[in-house]
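Asker: Provided herewith is a single structure, encoded as structure tokens, for subsequent inquiry.
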Amino acid sequence: MEASRGPPRVKNKAPAPQQISAEQLLREAVDRQEPALQAPTQRFADLEELHEYQGRKRKEFEDYVRRNRISMNNWMRYAQWELEQKEFRRARSVFERALDVDPTAVVLWIRYIEAEMKTRNINHARNLLDRAVTIYSRVDKLWYKYVYMEEMLGNIPGTRQVFERWMSWEPDEGAWGAYIKLEKRYNEFDRVRAIFERFTVVHPEPKNWIKWARFEEEYGTSDMVREVYGLAIETLGEDFMDEKLFIAYARYEAKLKEFERARAIYKYALDRLPRAKSVALHKAYTTFEKQFGDREGVEDVILSKRRVQYEEQIKENPKNYDIWFDFVRLEESSGDVERVRDVYERAIAQMPPSQEKRHWRRYIYLWIFYALWEELEAKDMERAHQIYQECIRLIPHKKFTFAKIWLMKAQFEIRQMDLQAARKTLGHAIGACPKDKLFKGYIDLERQLFEFVRCRKLFEKQIEWSPSNCQAWIKFAELERGLDDIDRARAIYELGISQPVLDMPELLWKSYIDFEEYEGEYDRTRALYERLLEKTNHVKVWINFARFEINIPEGEEEDEDEEEKPVSEEAKRRARMVFERAHKVFKEKEMKEERVALLNAWKSFEQTHGSPDDIAKIERQMPSKVKKRRKLDDDRYEEYLDYMFPADDESSAKLSQILQMAHKWKKEQASKASKET
């Protein structure tokens, strides 16, 4: 049974001695294919049997069309069978009956017409087509069938007559194109021109004018082509003017080496067409200038095209500073100093609509780029200085300021070898609108000049202005530390951590602790940790405290390589004491998340430095996750994950056991007292 389940397995996977090709398999399959069933051939002995068979089939077809009159397939099968029996009159009768049922069936008309054409009844077919196009003058398929039949019969005048009847209904472009192709096949070019004249009146789209011009280009003269294009431009007017027409006209003139004519056509069109409708025209003009113009002409075309584009966008929204940026970059690439200045002056004249800093952020960069361009490209230092001064005067410093512009002006003054002006600029900035970025830039400048006394004064001013800025305290202390004034750095740190409000106190404490640890003042570091733990019980502080205790070298090991020195038992003991203190605090305050993080760090410590017993002791304290439910304010319940600590369960179990024993003792005492009484 087991062997019969599933697909058969091939145990021997070696190649067969005789290989079989796909061709052999296909040939064998075809040879063995059984012949399809064929209907027996009916033979009629005399006319009576034939008439009896025909009568029976007609009765079947009549039943079909009677049951479902609107199905044209039944009618067409009936008529086709009559045609096979050479009963043309009966077939016509069937077709006519079908047309009485549904005279709008175009497929039925086509079948009827094709049947007459196949049986060479041309007049019948012509009469049918005439009926059809008279009733359904908007059905192009009938007209196409009509003109095709007349042309195949060699009746070209009749074909023209049919086309003229058709064109009187003003059909779509395909019908006109078929008429034009007919006349071209028989080299009747004057007739083609007359058809094009009528065609462009009915369908005056630019592409049809271009078709006419290309016909004249192939069979006419250059004057005729120009006449067609001129007539098209005059007929369409400025309202319906299209860039494709001008592109085709200009390319024709360029083909004839009439470059000035082509350039004039492009410029004529560009002056009259709006930007939105002349994208391809601009591109074609650029390509033309690249091919047949000089370099200046090409660059002028590109610049003028983009200038027009930017001017239109600025006209729509003059406060869009991104467009001004692109515009000035364009003019800078042209190298025309006066144009660049003009665009910059127009740009900075577009002041923001309100005195909100978010509106000024992009605008201020126009001034910055203007000043940099005057300094670096135009080499006009006096003008650059005036731009900085005007920009600073323009900013409403009582509401907001931009430290970048003050710092850039100071750097500009330094590049001009005027240090006093740079200091005056930054001093003015700090006095008018102090910012951390301004203090930082000014201090960095003085540090680069090795003016450390000035740096101290600036740090003092910054701390006086913003005593809650931890970065200022840290940088100030690092400056003193870099100058080897440890006591001064320590005093700065002490002042910093004593501030009642700090933006990021954890950074300041960490920097102070790292400073003391780097200096080897381990007692001071330990005292700092203790002071910090009085302010916060964050789990990271406890973990870092324990790690600090591990990394304290013993007296004789201080000079050894830090990677090679072993951790002493005393250091391990101190670290464990820190972990135990932290665990006790978190346990008492029921801080479960912090307690879990601490136990994980403690476990990692024991795995690195402890014994198997120590590791097992910690693992016994590791909690397990349990799902609990709590009630919400809207009387709904939600599930949450909680931690269950084995140590807590053991202590509560011991406590409950003691309570049971006390309760039992109390009962015994009560029973003894009742017996004595």
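Every residue, even glycine, has its Cβ placed from backbone N, Cα and C.
Per Swiss-Prot, the features are:
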- 52-84: repeat 'HAT 1' (REPEAT)
- 86-118: repeat 'HAT 2' (REPEAT)
- 120-152: repeat 'HAT 3' (REPEAT)
- 154-185: repeat 'HAT 4' (REPEAT)
- 187-218: repeat 'HAT 5' (REPEAT)
- 220-255: repeat 'HAT 6' (REPEAT)
- 417-448: repeat 'HAT 11' (REPEAT)
- 450-482: repeat 'HAT 12' (REPEAT)
- 484-518: repeat 'HAT 13' (REPEAT)
- 520-551: repeat 'HAT 14' (REPEAT)
- 570-608: repeat 'HAT 15' (REPEAT)
- 613-646: repeat 'HAT 16' (REPEAT)
Asker: Provide the three-state DSSP residue tally for the repeat 'HAT 1' (52-84): helix first, then strand, then coil.
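Answerer: Looking at the repeat 'HAT 1' (52-84) with DSSP, the answer is 29 helix, 0 strand, 4 coil.
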Asker: Give, as a single whole number between 0 and 100, the mean pLDDT over the repeat 'HAT 12' (450-482).
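Answerer: Summarising the repeat 'HAT 12' (450-482) by its mean pLDDT gives 89.
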Asker: Give the residue counts of the repeat 'HAT 6' (220-255) per reduced DSSP state, in the order helix, strand, coil.
Answerer: 28 helix, 0 strand, 8 coil
Asker: Six or more residues beyond either end and a Cβ under 8 Å away: which residues meet both conditions relative to the repeat 'HAT 13' (484-518)?
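Answerer: Counting only partners 6 or more residues beyond its ends, the repeat 'HAT 13' (484-518) has Cβ contacts under 8 Å with 467-471, 473-474, 476-478, 524-525, 528-529, 531-532, 538, 544, 548.
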